[in-house]
Amino acid sequence: MSDSIQERYLVGYALAAKKQHSFIQPSLIEHSRQRGIDLVKLDPTKSLLEQGKLDCIIHKLYDVYWKENLHEFREKCPGVPVIDLPEAIERLHNRVSMLEVITQLRFPVSDSERFGVPEQVVVMDSSVLSGGGALGELKFPVIAKPLDADGSAKSHKMFLIYDQEGMKILKAPIVLQEFVNHGGVIFKVYVVGDHVKCVKRRSLPDISEEKIGTSKGSLPFSQISNLTAQEDKNIEYGEDRSLEKVEMPPLSFLTDLAKAMRESMGLNLFNFDVIRDAKDANRYLIIDINYFPGYAKMPSYEPVLTEFFWDMVTKKNHV
C-alpha cells in the first residue's frame, strides 16, 4: 500500500542531542515509515499542542518546562500515549527506590528460578565512611555506586572496594552493595512494551577467597574492565565469542519478570541488568534498571521499536 493512501500515524520524539543521534537512525525511520508511522522531532521549547496531530510521544528530557509542557498536553489530549510519564521515570533516578521496585514485586515464586536484589546499605554522611560501621552487615568486597542514577557521568562513577582503606576515596551520598560472584557475565534485558530481548555481556570477573585476602584499596570500574582478556578492547557489541557457551536465563522467566516490573513501575521503555549467582544457578539478582537505554545496540532494534510504536498508536497496550 503506498504512503499516499495508507493511514499514517505521527510519533513525536523529544530527546537530548546525543540520544537522538544514537536512537533515531535512518534504519528506524525507514522501518517505521513502511509501517505507516512517521517519526517527527519535537521542539521542547514550544507547546506540544502546536506541533501537529500527534498519535504518541516518546521522550527522555527532565527539565521543569518540559514536564509542564507534557502536563498541559496530557490534560488536553488524554487519549494520546506519552511514553513515559515523568513521575514514573524519576523513581529510577535513585538507586534505592530503583531496586525497591524489585523487592515489592508480586511475582509467582518458582522452584526453578528465584530473583532478588543484592544486599545494600546507603551512606548519607561522608564521615561514616572513614569509620568501620558504614558496611552494616555487609562484608568486603563491596561495590560503591552514587545514590543518584540520573545518567550523568558522575552517576556512572563506581568502585569495587576491597577493604576499609578503599573506602577513603568515596563521598556520600553513596550506595554500598554486596559483590556477588556471577561468572563474569551480565544479562542485559531490554523491555519495549510487551517485547523483551536479552543479550549477554562481559562483567566484573569473579573474586576468589585468596584474592579477597590479598587485594587492597579500590578499583574504578573502568580499570576493572581491563582486567579481563586483552582482546576485549576489540570486541564489539554482541561479538564476544567467549560468551557463546554461557546459558541464557529462561526467556519465559525474564518475560514474566519484565511484565511484572513494567506494570509495577508504569514504564514501557527500560532495561535491567541481571546476574546469576555463581553459587546458585537458579538465583538471579537484578542490580540495575535504566530508563530508555541504548536500544540501537540491541540486535534488530528497528522492527522491535516499530512494532512497539504500532502498538502505541493503535492503542493496543501500554501502561
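Backbone N, Cα and C define each Cβ position, glycine as well.
Copied over from Swiss-Prot:
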BINDING   LYS18, LYS60, HIS156, LYS188, ASN290  1D-myo-inositol 1,3,4-trisphosphate binding site
BINDING   ARG95, LYS145, 177-188, SER203  ATP binding site
BINDING   ASP273, ASP288  Mg(2+) 1 binding site
BINDING   ASP288, ASN290  Mg(2+) 2 binding site
DOMAIN    99-318  domain 'ATP-grasp'
MOD_RES   SER2  N-acetylserine
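All features noted in Swiss-Prot, drawn onto the structure.
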residue	record	DSSP (3 states)
LYS18	1D-myo-inositol 1,3,4-trisphosphate binding site	helix
ARG95	ATP binding site	helix
PHE179	ATP binding site	coil
VAL185	ATP binding site	strand
ASP273	Mg(2+) 1 binding site	strand
ASP288	Mg(2+) 1 binding site	strand
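Note on proximity: of the binding-site residues GLY183, PHE187, SER203, ASP288, the one nearest LYS18 (1D-myo-inositol 1,3,4-trisphosphate binding site) is ASP288, by Cα distance. Residue pair GLN177 (ATP binding site) / ASN290 (1D-myo-inositol 1,3,4-trisphosphate binding site) shows a Cα separation of 17 Å. ASN290 (1D-myo-inositol 1,3,4-trisphosphate binding site) has ASP273 nearby among the binding-site residues VAL185, PHE187, SER203, ASP273, counting only those with a Cα within 10 angstroms of its own Cα. Taking the binding-site residues LYS18, LYS60, ARG95, HIS156, LYS188 in turn, the residue surrounded by the fewest other Cβ atoms inside 10 Å of its Cβ turns out to be LYS18. In this structure the C-alpha atoms belonging to PHE187 (ATP binding site) and ASP273 (Mg(2+) 1 binding site) are separated by 6 Å. When the Cα atoms are compared, ASP273 (Mg(2+) 1 binding site) and PHE179 (ATP binding site) turn out to be 14 Å apart. Under the DSSP three-state reduction, LYS60 (1D-myo-inositol 1,3,4-trisphosphate binding site) is assigned to coil, being neither helix nor strand.
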